[in-house]
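Presented below is the structure to which this report refers.
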């Protein structure tokens, strides 16, 4: 039987260069879908795996295992697509847009977006659900106000990810804590010392941006025209928001995300039948095909013609191929080899912190999914923390900062695909405005090198903070 070995750094560099060349050439030169690029990339990794001594069946099993890690995310993505379609048809999203335009002053809109998405995400424990509900409404309001959509998307994502990594209901919070072998509440408390300062700084940044973009630059005629268009095509009443309240309450009660969101989609179809004058068959059809309207006004149609499971199938394919690619890389031990090359330099809390953030980001890039990052990073880095007697709470915190907050930055990752698809803004366009992510990453590095909020474990004084 042929022996199996780990890849060399040269082999890894060649593989990753080929991967990036395929992805970028397909996107920029040949104008081919990224799904095809990721599928072809499977065979680049398989070829290396066979060279290393793996049997083909082992590599195929790695693909299957990688995809299985993201099945829940795929199901949620499909459910959110259905939800958006029926909630627009049922008047839920149009009502959110109308009242947002009516009551939120343009100068504080970006700050309000950050806060609203933060509260929704903390209450529900899901960044995807937040972006698919409050997020699309805030994007529509922002477009109505004439604000730069990548900037609005940055505020939406900053709020959504803030809640996602702090809420005890969040799967990412629970996963990061469990992989680092830390109590969930202890993990949340350890996150607070970083997240609260980061959130305050981010709030100030979006407040200043709101003053710059939301003052005299707002076209009030455009706002009034959008409100009139919404009133013309939808019955706008406060009880149109009942489906949203039901879904948020159920998620806050820790009910499973996918069936809760799917039920919300069904309620949206019922609302479209009862209040918007649609036949039930037509209303429930928007769950698959999305909502469609021909208002005669291009920007109104652009706001409302979206949603549906059908519109998510391309994103589902990207996630499947991306997860399979990540499963192959994990099987070959690519990240472990990379980390081992820098092991001698992992001799301080600062270096370990920086390395953890880099490993988590690389796991998002090459694992193509936040779950992959949150699973692999603690596994790869835990020995380095234990050698320095750094408390596992710091490992969990750094893994989540590096894994959760960078997951939406990778165009081919599950989060990058989902966020770009739902918000209608390309990943590379909104990344510069993910200010909470950048501030949190910088603070994490500062904490690491200054010893601030870096806790150590020893026999004499467990949990002692470094001075």
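Just so it is clear, glycine is given a Cβ too, placed from its N, Cα and C backbone atoms.
Please treat TrEMBL annotations as automatic predictions, because they have not gone through curation.
Since the structure is predicted, the reported quantities are computational estimates derived from the model, not experimental observations.
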Correct range for transmembrane segment (source TrEMBL, candidates 350-376, 377-403): 350-376
Annotated transmembrane segment segment (source TrEMBL; candidates 174-193, 234-253): 234-253
For the domain 'Na+/H+ antiporter NhaC-like C-terminal' (159-451), mean pLDDT (0 to 100): 88
Outside the transmembrane segment (107-131), six or more residues from its ends: residues with CB under 8 Å to it: 73, 76-77, 80, 138, 141-142, 145, 147, 151-152, 155-164, 166-173, 199, 202-203, 206-207, 209-211, 213-215, 247-248, 251-252, 254, 257, 261, 415, 418-419, 422-423
Touch test for the transmembrane segment (36-54) and the transmembrane segment (308-329), at least 3 Cβ pairs under 8 Å: yes
Considering the transmembrane segment (417-447), which listed stretch of 196-214, 265-288, 350-376 counts the most C-beta pairs under 8 Å: 196-214
